[in-house]
């Protein structure tokens, strides 16, 4: 997810680790040169691109700079032409409180805790690591188990791997509806320790283990609805767990690029990245809330999400911004699909221990994660039955 500043990381990590990262920086080049370290083309803004090494990627993230890695598709800018954008009218009110009431009661903090404790037990979920593949395999099995336990497999509900060249695969679970119009809920499964990504532990409890288990729990409970499970909803619902978000939104870009090329009808995408940290808000003497991102998102979808939070959560929302390419919703936007993002708090109050060994389960509130799970479940159900 979002990047910590070098100053914030220095307060958490040993000085030698900071020095090691800074010493690896080299001057930026305009293009890759034979014989030098491999370069990647990143996009730091709608009109700003740069060739960088992998070490320079991590140094930028330590300075709080977000980016797309667009090496695979350098000609695709963030801002697509207006006629290429998917235009969707979202519901003006929530309508399924009666159907959702018994489902909301089934959301379990204990399930989320148990899953997150196991998910963070992998040494790292770095997208190029062996344990990153192992963690993805475990997560895939949990999604598969939720489908089997609900009996939804007999109704064509399925989970598939979306393979990538770097090892760790993304995961896509599909709940078919009566049409191919599709609503996507996403989180990223990878983690990173910015000091030595391929070596040091990266528990990634909040970033983004919290979002991963939040949407997993919403997925599990959504399958308890016979109407959804049996394909009676108007729209198809997909749950995505992306690989390689930390490296420049690589996994989500690959998926939405594929969807664009194959003409998939994606009506909405909601990202859940960092859903568990509330201490920054409460220590500041502010009211616990969820943060609705307002920059680089679809305004209509964001307005609908405000209605969902008001209708189904027991805490309010606060409007906030996270900057360019701050999480996987930006990949959906890059390919013309309406996207939105809800984070754990106002952005400045969010977890400052991400990307270090200090991003651990004990710092998180499962009561707060339950609020995100309620929102995710309600969002999925409401849009499943909406005319989009």
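The backbone N, Cα and C atoms fix where each Cβ goes, and this holds for glycine too.
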Per Swiss-Prot, member of 207, 295, 298 binding Zn(2+) 1 alongside 188, 273: 207
Record-annotated Zn(2+) 2 site (Swiss-Prot): member among 160, 163, 246 besides 207, 355: 246
Packing count at residue 273 (Zn(2+) 1 binding site) (other Cβ atoms within 10 Å of its Cβ): 29
Shortest C-alpha distance to residue 355 (Zn(2+) 2 binding site) - which of the recorded positions 207, 322, 326: 207
